[in-house]
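Notes follow the structure.
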Amino acid sequence: MDAASKKAYIIAIMVQVILTGMSVITKAAFDAGMSTFVFVFYRQAAGSVLMLPLALILERKNAWSMPFAWLLKLFLCALIGNTLSLSLYNVSLKFTSATVAAAAGNSMPVVTFCLALLLRMEMVKLRSASGIAKITGVALCLAGVFAIAFYSGPALSPVNHHRAFATHASGSSHANASSKTTWIEGTFLMLLANAAWSLSIVWQAVLLKELPNRMVVATALCVFSTVQSFFVAVAAERDFSRWQLRLDVSLLAIFYAGFVVAGVSYYLQAWCVEMTGPVFFAVWTPLCFVLTIFCSSFFLGEIVHLGSVVGGILLVGGLYSVLWGKNKESQGATCSQMNMMDCCAQDEDEKPNTYELEEATSSTSAGEHV
């Protein structure tokens with residue numbers, strides 16, 4: 001294994017550790033009383049403070065030359081993929097647990113595949129192994145979501161009974177009928193959040209073809225989302241005492257999500273995907289689920305239910321099934337491209353013979369002239 005491969009493995013693991021920390025710290029902030037909508041605004045504002053100066057320094061010409069049509073597309077993409085997705089995600093995280101949030105993260109590639117299929121950006125060959133694997137992945141993903149939502153199962157005792165964050169244990173959400181309803185709603189809100197985020201990813205792929213500048217696109221999405229989430233938070237939280245920042249876990253969560261996640265992890269993720277491809281990075285997604293089960297139990301004292309673990313395993317199975325199908329298709333496409341190149345090479349090999357015949361004919365003609 002060369003140095004670049006080792007670095008890719010280390011970075012992929014680091015990103016999953018950072019995302020684990022985000023789920024646990026954010027959940028602790030919500031349990032402490034932080035408003036989910038205010039949190040989204042502060043998080044996006046922190047990300048904008050970090051990214052906007054860099055974009056103005058590095059991409060000043062490209063930023064000011066964007067036409068209004070592109071700005072409108074970026075505004076709508078930010079509304080769906082950032083403002084709506086983060087708002088749904090945080091409300092769901094408040095209703096459920098950090099474990100559910102990490103487990104649902106494994107459904108992202110599956111949901112993205114379904115959206116790409118509906119938009120005719122993907123194709124499924126039902127008679128091929130890759131097509132069967134993709135359909136199986138979608139079925140496992142749905143089974144995982146329903147298992148998390150409707151099956152509690154026995155509770156797994158927390159690893160640490162002395163929590164690092166002084167909040168109530170949220171894992172006991174299945175205690176009564178009302179909390180059971182809240183848990184189900186939170187689970188499906190998480191699925192909707194992933195669907196909104198996946199839709200924005202598909203849309204961003206189209207936008208980057210028109211505007212191939214990641215820095216400008218990412219900064220514009222973050223700034224637009226800051227403005228949008230501000231108006232959402234003002235409409236949702238009329239009590240401005242809930243906007244006050246205190247020196248507690250809420251402030252830590254804002255800085256962590258705004259600077260460490262938006263600044264550090266997104267850069268590392270982009271580097272890893274560019275070096276190794278999206279499949280390599282996606283394979284490491286289940287690590288976040290495993291780490292979150294341990295960390296949420298250790299730091300938050302969450303009571304993890306068997307249903308969440310079973311649902312998470314089904315979601316991981318769906319993820320790997322879809323990734324295997326995509327990889328199988330990529331290998332088939334590579335083989336067909338190589339076959340086409342071989343055919344072209346054979347055609348090229350035949351052309352010199354024709355050229356030699358023409359050259360011989362021309363030299364004969366030249367001899368006649370002499």
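Heads up, the Cβ atoms here are built off N, Cα and C, so glycines get one too.
Note that TrEMBL annotation is computational and uncurated.
The domain 'EamA' annotation in TrEMBL covers 7-136, 186-323. Marked as transmembrane segment by TrEMBL: 9-30, 36-58, 70-89, 95-119, 131-151, 188-208, 215-235, 247-268, 280-300, 306-324.
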Cβ pairs under 8 Å between the transmembrane segment (131-151) and the transmembrane segment (215-235), at least three: no
Contact call for the transmembrane segment (95-119) and the transmembrane segment (36-58): at least 3 Cβ pairs under 8 Å, seq gap 6+: no
Within-chain partners of the transmembrane segment (36-58) [C-beta distance under 8 Å, separation at least 6 from its ends]: 26, 29-30, 82-83, 86-87, 90-91, 93-94, 215-216, 218-219, 222-223, 225-226, 229-230, 232-233, 236-237, 242-243, 245, 250, 253-255, 257-259, 262-263
The domain 'EamA' (7-136) - residue tally per DSSP class, helix then strand then coil: 110 helix, 0 strand, 20 coil
Recorded stretch that, among 70-89, 215-235, 247-268, 306-324, has the most CB pairs under 8 Å to the transmembrane segment (188-208): 70-89
